[in-house]
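Participant: One structure is given below, represented as structure tokens, and several questions about it will come after.
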């Protein structure tokens, strides 16, 4: 159905001037905000040279921030800034070679870990600011933006290039600042002029060129001095730019591009941060209650004259203040985008490929009441107390996606440090009752903002011999503590790239474990999704690929890689050495291991060398043992292929996770991993009758603004472990759930556990790890290591034997916790136990509603797992289903929406016949389908035939949504076929039996283009239904069994067969 398009709103134009008279040339952003307040979340502005589409509503911003549809546009003021910033990171097009090259080279220098190295240098400059303020006479004014500009310029100069501008020792601004400010101002004003005006302003042009040459001269001297000094073990931005090649191309940056990068960092690295600091001070002075809280935190945390790195990281409220300051006045107020293809946003606004320039107006986005509430103009740092609740795509102070500000961590750490030190030493006074006047060049800052200060306590009034070694010494001590003798000689000369394709996180988890294992031996490792390494694979070192299949198709983060692999010519991957491991489920025999097998074959066909045989693990078999066996063989093969040797003197492995008890709070990273949001429970009711001994819940949740879904989508839920199991763990290890701890890891990337920040043991065990999965052999082997009691040690070792493990552990679902309670002689430490537990996985539920009925709410249908434990002891309760069953109205859950890669959506043509098979909770997605069909019928659309095959035990006990389904049949929406397996006086009947009865009609429908959908149990029901259909096709068309199988495969390949089943990885 063709989308109805609408014209984008536009203010009144003024002939050839367009909308220019509406724009204040000195404060264009404020003009845009005023227009947005009148015209809404999207409007267009006609300038002298082009038309700009300005977007500020968070739903529209979410669309234009989709990097598959839009990319950064270097237009307007940024295009003018290229005169002196060239193809630096900020002003280059994404497709320009130097952007990707510089991005790859410089990313490590802006990681959170790198901030530790910069911290002492940041303190060095911050001390100079404190000393300056401490020496002021009473009633002398402080020009806040001017001093913040001095501070931030000196900081980026020292940290980035080991160059001292010494701004605090000058009466006037450094010449670079003068030239830069004039050049930025001129770049912005060039946009406001007619061509004839621009040509006549020859003096301005001459000054512009002079300023550019002045900046070039300073930067070229910095580069020349570094080269002449031999780059004596510097490890800063300049050193990396001069010496480090791009890991993808092997090329280094040329001198001209280094010049552009330095200018980019000198501008972007200080202008935006100085504005942030100035706005933060302004907002604190205007909000005394927030200033009081900030002083309280600073006095509690900063107990030394100069803050340590760890102390700055504890300034949580200060970071919230900075985030809220950036919300109200983001110092980089906009970013521009263009569409990669003709498209439509907001369901009705057409955007032309490459022609239409879109500008995201960030200050107005940050004032979107639909996302932030009605109090958007109030300064409320508490909005950022729980980052998971910050509205998605409604907060963009650092830009978007891969083109977001690379220096975000640098800016926030510097600003937090400086604000902390200023409040530590000074009382801030708004002596003139300053009224905000926003000044704009390329960035925003308060204009003519002056304050006075009074000393709070003994300040740093004399030059301090800074000891940047404090944090470094602590780090060195930690490193010495965790260093161990490497078990493999030569591993430090090897590099390893681990690629994964994963929809549910299992394959990704294996990939990260492989990288961690190698990293602990000194191997240089990298872990990324398959789609993120399109275009090149390294010919040095090893490549490991871990992937699953989804109904025979690549996972969502692997499809592009598979397509790229197909298009390569023979021998293009010659020199690449690789191995593949596949995750799957043998119940889907026709597609089992299809994608891992295909990638393995394609890699070999394109010239790569397989250094170890492909491994397979079956989710319905002994998955863990198959994985362990493959890892053992693969590492052995890798040692032979890369000439490595085993170190006979290796130390016994110990935990890489360390734990420290503290008294502060922290949080969980899993919600951020899945980009999850909070959703409120609206309804939670039982679907089974009171006479049933089982439970199925109908649960409705409200969606936050901006969240969308369609029929056939999944709701991913991040569950919470039961209080009963958590208490068992706490009791076993003698711990108190209220205790706060800080966890730190050495040599591993443990992504699911909150590291380096305080978290309670209760929260840690509730939200981070799986505690009742069957114990793995690796866990049991570790228990053996920590068990001294000979009888217990022998019993544990026996569980590892072939057959015993499968019968006694897997089949009975005996967890590591069960074993620890049984074998009290095992003295494993809590942190090692925690490290061995896998990440708490989201549970996916088929959505059982249609957005056509209510776009801001959805429902799921949850079968509650609560039955006698297979071990014969007690009751087994499903983690997620019981958690959800116990939620009440207005309770919040953490969840996210995913679209499965399985053709599970209604046909585009509503007249296409559909066949739906969904016994039990498999009815869920079809309820959404039927809601959509009812709306389509109400709109007068003609509907094709629809057959629903539903099964349950008894019509009076577990006939889910019975009244709805019977009404749907009465109203002509479906033909309903029900199978009852526990009805007294009748044989057990399942859905496949009914399908067999209707086989002639169903095969005819499928032969004529009908769509087939199966939802439910993938281990038994779905394969039986497939077998029944293939047997029917074989009988009716008189073909072989293989030809019938090929027919069903073709139906799936044509996109007419969708499966949504519980089995598989």
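The chain as shown is numbered from 1 upward.
Cβ coordinates come from backbone N, Cα and C, glycine included.
Heads up, here are the entries from Swiss-Prot:
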BINDING   405  heme binding site
BINDING   502-507, 549-552, 583-585, 591-593  FMN binding site
DOMAIN    496-635  domain 'Flavodoxin-like'
DOMAIN    674-907  domain 'FAD-binding FR-type'
REGION    1-479  region 'Cytochrome P450'
REGION    480-1065  region 'NADPH--P450 reductase'
SITE      272  site 'Important for catalytic activity'
Participant: Would you list the DSSP helix, strand and coil counts for the residues of the domain 'Flavodoxin-like' (496-635)?
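Facilitator: Once the DSSP states are binned, the domain 'Flavodoxin-like' (496-635) shows 53 helix, 35 strand, 52 coil.
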Participant: Could you round the CA separation between residue 583 (FMN binding site) and residue 272 (site 'Important for catalytic activity') to a whole angstrom and send it over?
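Facilitator: Their Cα atoms are separated by 47 Å.
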Participant: By a simple count, how many Cβ atoms lie within 10 Å of the Cβ of residue 549 (FMN binding site), its own Cβ left out?
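Facilitator: Excluding its own Cβ, the number within 10 Å is 27.
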Participant: Look up residue 272 (site 'Important for catalytic activity') in the DSSP assignment and report helix, strand or coil.
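Facilitator: SS state of residue 272 (site 'Important for catalytic activity') = helix.
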Participant: Any idea what the Cα distance is from residue 585 (FMN binding site) over to the residue listed as 'heme binding site', rounded to a whole Å?
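Facilitator: So the alpha carbons of residue 585 (FMN binding site) and the residue listed as 'heme binding site' sit roughly 42 Å from each other.
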Participant: Give me the Cα-Cα distance between the residue listed as 'heme binding site' and residue 506 (FMN binding site), rounded to a whole Å.
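Facilitator: Here the two Cα atoms lie 31 Å apart.
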Participant: Per-residue pLDDT averaged over the region 'Cytochrome P450' (1-479) comes to what?
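Facilitator: It averages 86.
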Participant: For the recorded positions 272, 502, work out the Cβ neighbour count at 10 Å and name the residue with the minimum.
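Facilitator: So among 272, 502, the recorded positions given, the one with the fewest Cβ atoms within 10 Å is 502.
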Participant: Take the Cβ of residue 592 (FMN binding site) and count every other Cβ within 10 Å, whichever protein chain it belongs to.
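Facilitator: Around the Cβ of residue 592 (FMN binding site), 19 other Cβ atoms lie within 10 Å.
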Participant: How many whole Å apart are the CA atoms of residue 549 (FMN binding site) and residue 272 (site 'Important for catalytic activity')?
Facilitator: 45
Participant: Relative to the Cα of residue 272 (site 'Important for catalytic activity'), which of the binding-site residues 502, 506, 592 has the closest Cα?
Facilitator: 502
